[in-house]
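Here's the structure we're looking at; comments come further down.
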Amino acid sequence: MPTDEILKYIGLFGAFLYLASYFLLQAGYIGGNSKIYTVMNLFAASFVLVSLSTAFNAASVVIQVSWILISIFGLARMYLLYRRIRFTDEEIEFVEEQLQRLPLHLARKVLDIGIWIDGDRGAELTRQGERNNSLMYLKHGSAEVCQNNTRIATCRPGSFIGEMTVLSDAPATATVKLTSSARLLCLDAEALRTLSQNEAAIATVIQNSFSRDMRLKLEATSRHVGTMNPVDTGDCA
């Protein structure tokens, strides 16, 4: 195959990478500040630049070289940024469980709006009809979910508390109380709403985590309703 023909296909492959990266960005599969998006654009620009060796165009060369330099700068910035990021053991566990698809610097932003606390048995985490100031993540311990003074579900380790209304700032749909001592991550609700509005990647990952958590809770509630007895429907207070 002639060299010109090979270079033409290299250029077409570069154009395909450009289009593929932009499609994945718009479809929400990758973020604009993600490593994969930067790398795809770096290779796309490199392939197109190589293809211009037989059909030189000054404007196209300037554009491709600029893309390459900007991409290299972005990768270097991400490398230096990630080197400075530190997580505690319990933060790593939370990230791996709930924020696995989020870039580490964005996961750090989420954790920076929260604090870890210890909760005592009987502590009320949310109250039905009142707005929540925090989204809570139950690392250890258990809690009961009560609606209209009737226990409807139980929260186990790994559950979110307040996820149904935290992003909409609506009143809590149920009262949640700890039934044992617990370890909790409390994320400021207003700060989380702001982060979700400003960072599309955070909003997507958080919503996916909420959906998974609510699905597990619904399954647990269905099992609970199927085995209810008179004690189960007693006063939650």
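A Cβ is built for glycine as well, from the same backbone N, Cα and C atoms used for every other residue.
Copied over from TrEMBL:
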type: TRANSMEM; residues: 6-25; note: transmembrane segment
type: TRANSMEM; residues: 37-56; note: transmembrane segment
type: TRANSMEM; residues: 62-82; note: transmembrane segment
type: DOMAIN; residues: 98-213; note: domain 'Cyclic nucleotide-binding'
Integer mean pLDDT for the domain 'Cyclic nucleotide-binding' (98-213): 93
Residue distribution over DSSP helix, strand and coil in the domain 'Cyclic nucleotide-binding' (98-213): 34 helix, 42 strand, 40 coil
Beyond the flanks of the transmembrane segment (62-82) by at least 6 residues, Cβ under 8 Å: 33, 35, 38-39, 41-42, 44-46, 48-49, 52, 104-105
